[in-house]
Structure formats: structure tokens, C-alpha cells
Amino acid sequence: MNDQITTDPSKPAQRMRAGSLTLTLAPWIISAVFLAILPQIFTNNSTLTIMNQMSITIVFALAYNMLLGQGGMLSFGHAVYAGVGGFAAMHIMNMSDFFASIPLVVLPVFAGLFGMGLAMIVGSFSTRGAGTVFAMISLGVGELIAACSVIIVAFFGGEGGVSGDRTYAQPFFGVEFLQQIEVYYLTAAWVIISAALMYLWSRTPVGRMANAVRDNPERAEFLGYSARWVRFYSFVASGFFAGVSGGLFAINYEILTEENLNTASSGVILLVTFLGGVGYFFGPIIGAIVFTLLQTVLSLSTELWAIYAGSLFLATVMFFPGGFAGLIMMHVAPFKLGKLRLLIMPYIKTLIPAAIGILGLAALVEMTFHVRHAAAGDNEMTLFWTTFDSHSLIAWAIAGAVTLIGLGIARVTAPSLKEAWDEANTAGGAS
Amino acid sequence: MSTPALELSGLKKSFGKAEIIRGIDLSIGKAERHAIIGPNGAGKSTLFNLITARFAPTAGTVKLHGENLAGLEPYQINRKGLSRSFQITNIFPKMSVFENVRCALLWSQGYKYSFWNLVSRSRLLTEGADAILEQINLLERRDLPAGTLSYAEQRALEIGITIAGGADVIMLDEPTAGMSNTETDYITDLILKVTAGKTLIMVEHDMGVVFGLADRISVLVYGEIIATGAPADVRADPKVQEAYLGAALEAEH
């Protein structure tokens, strides 16, 4: 076999490696630059808060996907590791002498170590299998620790949670993190670092074997790897980065409560990750951005945002199991064939009417909600910058017609979109 | 030929009251190509699973290079130089063909559970995996998801994964099952090529493959080995002809 290696110097492989190095570095540099200039575009504090929220969710979702997407482990209690990391960070904040001796920027490391420690304990018995048993143990442990939060008041602070003050840390090059923008840059730096480390992890032997164990644990065992240990290492690494996200949360909000580690939060992160797409590394990033926007921006305009988020999740699971990332990557094949432009017109013809129809449907939902829940006599409502009487027949007729016509057109044009899609994915022909 | 590569003594396996393997003694020498044949339900795959610790034996011992394997996990046995394929194709379907082979190389190249090495940085890994792909003629399929390969290609990939780790005892469970004649010839040549100088133990139904490949043959019927020997002797053995071979040979002609 040795002589084959020398007679086959695989030059193409080396060329590819050099090319892929610039290719793999590019997204990171672009992201870093983008995060650096973002505050110049959006200057107000509330936008910064949303962006920080996004960053925290990105780290958490990426950590979660180390289990779900890369390791094939479905966890229903992963908020626990983020939460415990966050609580630990809060306690460090409150240890005034120690806290004054460390810069705030390293606090997430401590949070990560606590998340990791807990993951080591739980992982030691939960990673034996990846299927239902793992999911049930994660759920059980999640509930258990969430229940502990009202029992072990010393650590979890009971119902009021634990609060602290980040500014007591040792100043970092003179920065005391009094201002939101300073916290923004701290969080942004941690997102880039964590995401890069998690990406690198997926390229290491143990990260590659996590995929192998996900696909076929038995075969992996016959390659010399214990499926259980591979899962354990993934679990511990995921616990570390979940803890880091908890530490970032602690720095941003300076308070942690039971909400940070309950099952609802664990459910949200599953939703976020799946929405973005578990099959690709960048999937959870998209999921975190979209979900945070829904949660913050949409919730400003409607009380019913959770219905829309839920519907979106449902639609994703049913029609696009690859999530947003899968949807994007579906277009790589047409792009490589040079046939992407074939899709532009069919997309316009189908997606715009569909979007209008969905907005019409949303209007009907909102009107129903207004009729049922507004104070008696308050018939006036504002929707899409229009103020009208929610009890008037005309408003209902318009919304209903828009819905029917929009979805109707989309339905009629859908077959031609399908045709265009098949054509765009077939090699050959005029292009 | 001092210590045999693989030595089974008094191996038994029962599932409940059903005795599937009823006491097998078998010694396979180094660099020997040994085929295990027998009618359906004779316990051939069970025997394989006992040797590789997929099942625990009810009684008896399995020794690899003189070392007792009792109580070891499959991954520990693999590290001692025994590798196997499966009757049902058993690859990593969502990973690329190249990744499949590279994963099979990781442990033998000493990477263990490390998270401080990047797999793409190792020339030895990349070139080793490409060399295996060339041996099994899948270099052109390198970057496709393994699950999209044709059946014969997946079987070839499985053999590639099995031999990649450099194990010196290779066990193949019906490598040509469900293949056309040309595919069978192709896989037979492949097996000859990649197992040169290694100990090969295979379960096989195709008599052409068995007589073409094997140095020695064992015939397993109802959990017992009724004959072991060179192909010609086994073919001539009246017990074998009665139990199995006659019918199979007749069917073939």
C-alpha cells in the first residue's frame, strides 16, 4: 500500500485543499466584518439587544446541533446545560473578590466549564444509546433540574432567580461594559470564537466519528470506536458550548431564572435548530436569526406571534425537513448547472401570490382574535397600516378574497414551478 | 503456523431453548483463506456474530492470535486486528464515499478520540483513503453520498471499509449475496486482491466463489461443523454431499 501512496501523489487533492482553505476562511471573515460594522448601521440600543439575543441563541443552537445534527441525539432537556452555566456565571459575578480579579470576557469560559461538568455527569449514563432512551433521559434530567431550581434556592435563587452586576469585573483594557455596545462586541466576539471552534470540532477525528456513529453505530464499533464514548465526547463538548451561551446570557441580562433551564426553553432550542436545518453546520445560525426576529420584531406587532412561529415550524417539519439550510442547499445543483435563472419567473409567479394569500390568512386570524378578545365596543383595529372596523362585513370579505385569490393563484402556478424545478435540476439542454 | 490466527473451541450459543450453535471447534491458520458454507439457517451468521462479540457465547472460547476474546466489546476486538463486513450492507449512508473510508482509517492511524487534530490536514489519512478507494475502484465516486451508490458498489465500499483499518483477520459475511454474475466475478477478484497475505474467513453461498477463493472449507449444518478440509476433500466427503453440497451442486448444473 505504501508504494501506492508514493505513486499516487494525489496532487488534485492538495490543490483542492488549498482552494478549500480560502473557501472555508471566507465565510468567517465576512461574518466577523459583518458583526463588526452592524452597530454602525443599527445604532439604537433595542436593536443591539435583539442582536445580542440572536448571538446567544446562535451559540446555543450550534451547541445543540452538535448533538442533534451531527451526533443524531435528540435531547429534550438541553436548556439545563445553558442554564446551569449561566447560574454559575451569576454566582461568579457575585463573588466580588474573585470576580474583580478576572476580566468579564473570560466569564463565558467558566460558564462553559460548569455546563461541561454537568454534561459529563449526565452523559456518563445517558449516552449509552442514541434513540428513545437518550431522549427520555434528557427529558427526565431536564425536568429534574428544573424542579431543583425551586428546591435548591442557594444555587438557583428560587422564583426570583439570581441577579448580579457585570461591571464589577476587572476592567478589560479600560472597558467596564457599562454600555450596551461594549456588551455587543463581547458577545459578537464569543459567537465567532464559539462557532469557529464548533466548526473545527466537526472536522476532528472525534467529530467525524460522531457522524459515523449517527449514521450507523454498529459499523462504527467495528472500526475500533466505541459508539458510547463518541457520543459522550460530543455530549460533553455540546454541554460546554451550551454553558458558554448561558454565560453570555448572564452577561447580557444580569439575571437568570428558572425560565432559563425549563423544558420550554429546551423545546425552543430544538425548534430553532430544526427550523434552521440540522443537516448543515450553518443551519442553526439561520434558525437562530429567523426565530429571534420572529420572537422580537413580530411580537411587537402581534400577540399571536407564537402561532405564526408554530405554523412555520410545522410547515418546515412537514415540507422542508432540511430546514432553511436545506432549502438553500437545494439550489446548489441548479446553480452549478447554470440554470438558476430558469427558476426566477416561476418563483415570482407562485411565491408572491402564496405570500399574499398567507398574509390574507394572517389577517383573518388577527381579525378573529380582535373580535373575540378586544374590549366590548372596541371595533377598531389596525392591520397592515390600515385602520378599519373589525366587525364590518367588507373587511372580512376583502381579507377572505385576498386569501382565496392568493392561494388559488399559487395553486394554479405550482405545477409549472415544479416543472421548472425539475428542468433546472437536469443536466444538459440550453444553458 | 505456530499460533492459529483464530481458534474456536467448544463454542455454543442458545437463544432460549433453541440451540443455534452446538459446539464448534475450529482452528484457522495465519494467511489462510477459509470459507464457511452450509444451508440456510445453519448458523453461519450467528457464528460470525459470536466471533465478533456482537452476541455473547453461551459456552466456549474464541481466541484471536492465541488471546481469549471473552468479555471484550466489538470495538476492542477490532483494535486487536479483526475486522468484519455484514450480510446486509452496513455503511454510513449519509457520508461521502471518501469519508466512509477515512473514518475506517482513523483508529488504526492512532487518532483515537482526539479533538486537536483536523482530519483534512493529514496527508496520510487523505492519501490512505484515496489508495483504498483506488483499490476498490471507487475513486470516481469519491465525493458522492455512500447511500447513492449501486448495490455492488456499496458492497465494494463495505469491503473497503473492512480492510481499511489494516486488520490482519478479515471476516466477510456473504460478500456476493444478491449480485449478478459479472458483479460476483468483480467482487471475487477484489477480495483476492485486498486480502492478499491476510487471514480471510468468509461465509458464502456461491459455490463458484467458495471453490475459487478458499484454501480450506468448513461445512456448517445445524450448528455443527460436519467437515473441514481442502475444497476437493470437502467436495468428495459423502456426509457433505448428503447434507448440503449435492443439492447445491445439482441446483447449479
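Each Cβ is built from the backbone N, Cα and C atoms, and glycine gets one as well.
As written in TrEMBL, here are the features:
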{"type": "TRANSMEM", "residues": "A:21-42", "note": "transmembrane segment"}
{"type": "TRANSMEM", "residues": "A:48-67", "note": "transmembrane segment"}
{"type": "TRANSMEM", "residues": "A:74-92", "note": "transmembrane segment"}
{"type": "TRANSMEM", "residues": "A:98-121", "note": "transmembrane segment"}
{"type": "TRANSMEM", "residues": "A:133-156", "note": "transmembrane segment"}
{"type": "TRANSMEM", "residues": "A:183-201", "note": "transmembrane segment"}
{"type": "TRANSMEM", "residues": "A:232-256", "note": "transmembrane segment"}
{"type": "TRANSMEM", "residues": "A:268-294", "note": "transmembrane segment"}
{"type": "TRANSMEM", "residues": "A:306-330", "note": "transmembrane segment"}
{"type": "TRANSMEM", "residues": "A:350-372", "note": "transmembrane segment"}
{"type": "TRANSMEM", "residues": "A:393-414", "note": "transmembrane segment"}
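Comparison of A:74-92, A:133-156, A:268-294, A:306-330, A:350-372 by number of C-beta pairs under 8 angstroms to the transmembrane segment (A:183-201) places A:268-294 first. The recorded stretches the transmembrane segment (A:133-156) and the transmembrane segment (A:74-92) share 3+ CB pairs below 8 A when only pairs 6 or more apart in sequence are counted, and are therefore in contact. Taking pairs at least six residues apart, the transmembrane segment (A:268-294) and the transmembrane segment (A:48-67) share three or more Cβ pairs below 8 Å and count as touching. In terms of C-beta pairs under 8 Å, the stretch of A:21-42, A:98-121, A:232-256 lying closest in packing to the transmembrane segment (A:74-92) is A:232-256. Here the listed stretches are A:21-42, A:98-121, A:232-256, A:306-330, A:350-372, and the one with the most C-beta pairs under 8 angstroms to the transmembrane segment (A:48-67) is A:232-256. Tallying C-beta pairs under 8 angstroms between the transmembrane segment (A:232-256) and each of A:98-121, A:306-330, A:350-372 places A:98-121 first.
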